[in-house]
Amino acid sequence: MVAYTDDAYTLVSNHPLFIAGSQSKCPALVEHPYNICLRSQMYSKYGFFRVRLLTFLLYGCFLGLLTTIILLGKQPEYFFAKTNRNMTNDLDTCAIVSKNLTAANDPEALQTTSYKRVKKSYYAFLITLAFKNIILIVTLFPRITRIASSLPEICALVLSFVYVYDWTDWQSPVIIRCPIQYQIGALGLLVAWINLLGYVKRTSYLNIGIFVAMLQLIAFKFLKFIPVLLVIICGFGFTYWMLIQNQQPFQTPIEALLRTGFLVFDIGYEDRLYGTEPYYYPLLYLILILTAIVFCIFILNLLISLAVGELPSLTDRGTLWQSQMLYLLLSDYSIVMIQFTRLLNCISCGRLRRIIRKKLQNGKSHREPIVIIEADHKHNQYKKLWQYAKENIFGEKIHNDVTQKNTSTSVK
């Protein structure tokens, strides 16, 4: 049995299931019970469910260890103050502070045995996740769009490694990190937690992933609105700079634009940036902007859609998008499996291919359609049982009856 092409991506993309799953203009075909059942069977048949669970657990452990390492430390300003020095971004000053804390045998600054164990465990999970992403990139290359989902995780791995790793000898015995390194670690922690949503959006349990898909849809809508928003901010921002540049938040054009952007939200960022204590973290500007966008635009729009009744359409599109992501994830796993099978076949000098061909000739693959039909029948039973529970236990039957009566009355 010879395939018509050697390209694993072409073989998987031309599979009827994945062709049906890519039809975004036909939601009924994408979410057809038979296609969903066949997709679930492929996940179970090749062990992809276990792979998804394993990768989620690996990333969860990595994120937990990274958060633990950061929580065990303190910001550099605290240690600079203990040595009576002003905090700067100079590495030489940071080295002097670290050496003084080591010489003083300060228990708050030294790396304990528990800290070192957590760090070693972190390195183990970091290497495992890096190896997993390398496999995905190599097998899916050069399809850049297919490996884009791995980029946030790779950024989280690199940024967190820069924070945790001891780059110099004077940094090895202490937990203090220099201000620049500390800001990189803060950004890595943010990216790592946001990347967790990438795992959540692919889960179908309790429909949690649909909410992540809905947030992404709102994000895409906001990206289209950014040019209009920038024009408005520039117009008002430069005007404020001309009129009140004698005030501290509007002294420079850049700060005037930043303050004008926050006029919509009025989060009072001056108290954090222009208080009595000096701040040396330029990253704080970016974090405040991201906080305003996420909390005041994304989530606010989601709540508004709940109030005005646009949630059903947004939920339908989120469900469709999540379903398509599951198809894409399954196709990625299938491509990796084909590439891995070919690698084993090359190493075994064709022995693996002969074993697979022998199994196919014995007729073991003829049982698959029966399994599909049985699974589809069970899926319908479970769906009917869940529909009955929603109508009679959760009270949706009363709502449906009232809706039907009102509809019939309006028709009359």
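For all residues, glycine too, the Cβ spot is worked out from N, Cα and C.
Unlike curated records, TrEMBL annotations are generated automatically.
As written in TrEMBL, here are the features:
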- 53-72: transmembrane segment (TRANSMEM)
- 122-141: transmembrane segment (TRANSMEM)
- 147-168: transmembrane segment (TRANSMEM)
- 180-198: transmembrane segment (TRANSMEM)
- 204-220: transmembrane segment (TRANSMEM)
- 225-243: transmembrane segment (TRANSMEM)
- 279-304: transmembrane segment (TRANSMEM)
- 325-344: transmembrane segment (TRANSMEM)
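With pairs at least 6 apart in sequence, the transmembrane segment (147-168) and the transmembrane segment (180-198) have 3 or more Cβ pairs within the 8 Å limit; the two touch. Spatially, the transmembrane segment (147-168) is not adjacent to the transmembrane segment (225-243); fewer than three Cβ-Cβ distances between them are under 8 Å for residues at least 6 apart in sequence.
Contact between the transmembrane segment (122-141) and the transmembrane segment (53-72) is supported: at least 3 Cβ pairs lie under 8 Å, counting only residues 6 or more apart in sequence.
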